[in-house]
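Lifted from TrEMBL, the feature list:
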BINDING   S156, E225, H253  Mg(2+) binding site
BINDING   R373, D395  ATP binding site
Amino acid sequence: MFAVSFVTRTTSCRFELCVSLLPHYGSHHQPQLASLFSYSPFRESRSIFFLISQFSRFRFVSLRNQIDMAAASGDSYEEALAALSSLITKRSRADKSNKGDRFELVFDYLKLLDLEEDILNMKVIHVAGTKGKGSTCAFTESILRSYGFRTGLFTSPHLIDVRERFRLDGKDISEEKFLVYFWWCYNRLKERTNEEIPMPTYFRFLALLAFKIFAAEEVDAAILEVGLGGKFDATNAVQKPVVCGISSLGYDHMEILGDTLGKIAGEKAGIFKPGVPAFTVPQPDEAMRVLEEKASELDVNLEGVQPLTARQLSGQKLGLDGEHQYLNARLAVSLASTWLQQIGNLEVPTLTQMSILPEKFIKGLATTSLQGRAQVVPDQFIETRTSGDLVFYLDGAHSPESMDVCAKWFSLAVKGDNKSERSEHLVNGSCHGKCSGEENCQQILLFNCMSVRDPNLLLPHLRNTCANYGVHFKKALFVPNMSVYHKVGTTADLPEDDPHVDLSWQLTLQKVWERLVHNEREGEDGESIKSEVFTSLPMAIRWLRDSVHESSSATRFQVLVTGSLHLVGDVLRLIRK
């Protein structure tokens with residue numbers, strides 16, 4: 001847990017005890033520790049063990065005291081979320097003014113938090129991309145953890161609780177630890193910022209908090225997912241990562257990153273660092289050219305990878321469903337292999353030399369988990385005669401390319417084609433939601449997306465791909481998100497139904513959908529395909545539950561929830577106990 005070294009001093013015939021501080025305690029605890037370790041001289045070995053026990057006791061009591069003091073002072077989890085919410089800017093995401101948003105401030109914040117040295121020593125894997133970067137990071141973390149390394153994973157966005165963004169050894173950070181680190185960072189920045197160096201914005205603070213957590217927790221590997229773009233992302237404060245990855249690129253956040261694949265690729269390649277190896281997946285020609293040019297300028301060895309094969313996994317299935325995950329997993333294998341060789345000092349055979357991945361790689365890939373990506377969850381609150389009468393298929397796809405991938409996954413899943421999908425993974429290890437020949441299955445779309453996205457690109461990709469696989473939606477439901485972008489926390493304090501809610505965007509989505517299905521032939525029951533706008537998500541969920549109760553016992557409702565990870569998170573809040 002900590003290192004003890006003894007140095008003999010002839011002048012005083014005493015020993016000096018040097019203890020490297022435990023993860024939770026940095027320079028701000030040195031006075032207490034100095035007092036604790038002022039015992040001298042050390043004449044018996046049992047004195048050393050006494051001190052070690054006292055140090056361990058101090059660590060536990062100090063952490064407990066910090067938590068108790070935070071609670072006593074009113075610094076509850078809800079108050080931390082309120083403080084975090086105060087950092088969310090009201091400026092539109094499409095505001096192009098002040099490009100980079102004074103990125104250099106991130107380095108000022110690191111200095112204010114005394115994290116400059118920590119971030120230099122951090123062994124980082126940095127991943128950018130349009131699609132699949134979160135899955136790639138999750139796969140990479142799981143592989144390294146299977147080798148016994150202590151891992152820290154920073155991803156975005158969160159679906160239900162902000163603590164999801166910070167994983168330690170595969171688990172969300174505890175509420176107690178979150179509070180200690182949050183208030184340490186927040187209060188220090190409040191004390192030291194000014195008009196010239198203002199408080200960091202929301203995502204920048206979260207990235208800084210991740211740096212603090214991972215440094216204090218002394219993780220062996222820090223896996224960082226870029227929040228937006230790359231060049232000006234707060235995670236790009238890391239100047240010497242171990243390895244970088246670029247997942248699949250496509251059209252997204254064009255109002256910020258640019259309106260061509262070349263411009264978008266240029267922003268993503270902003271995470272490349274001189275001499276640091278990088279990997280990417282097959283990209284459109286325009287994007288790949290830019291990546292290669294940027295890599296050449298920085299003397300970066302950029303290597304492309306191809307999807308994993310079933311043979312390389314030795315019959316095991318990936319922890320994340322969908323054919324597209326075989327490409328993300330392959331990128332993760334390259335990132336993890338590079339880290340293991342450079343930092344872990346382990347010999348890892350190259351993929352070209354092996355037909356089957358090492359056992360620990362396979363274990364890591366098979367046990368990976370990430371909410372909101374090709375996830376199947378039955379409604380756990382509905383009371384029906386048989387389980388699986390109402391099943392939600394959740395995927396946070398929000399770009400045209402990811403809509404194609406999502407539609408293919410959903411179509412194969414509901415049709416029961418498990419040649420490429422892992423049927424036993426569906427719904428907690430069972431096949432709930434998949435229809436037999438005697439059952440009537442109805443596919444429902446539950447959709448919302450941000451107003452900066454173009455539904456004329458998203459919805460056609462979704463509908464047409466599903467139709468190509470023989471899947472047609474009985475009804476499309478359009479709802480506003482329960483989550484609000486100016487507040488972090490749960491939805492417990494939000495009204496279930498707001499009669500004054502602005503539904504203009506949802507009505508726009510409905511019109512786009514209606515135009516798409518206008519010429520589609522009528523269903524077998526003679527009724528044309530319908531769509532509906534609900535004033536709130538809870539009302540839409542209630543309608544679905546009522547529909548299940550009113551239908552025959554042989555009817556199953558399979559609901560695809562997509563268009564927004566925020567929507568996916570809101571649905572999970574309502575259907576899971």
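Heads up, the Cβ atoms here are built off N, Cα and C, so glycines get one too.
TrEMBL does not curate its annotations; it predicts them automatically.
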Alpha-carbon spacing, D395 (ATP binding site) to E225 (Mg(2+) binding site), which is rounded to whole Å: 18
Spatial separation of R373 (ATP binding site) from E225 (Mg(2+) binding site) - C-alpha basis, Å: 15
Cβ packing number for E225 (Mg(2+) binding site), 10 Å threshold: 25
Distance [Cα-Cα, Å, rounded] between R373 (ATP binding site) and S156 (Mg(2+) binding site): 13
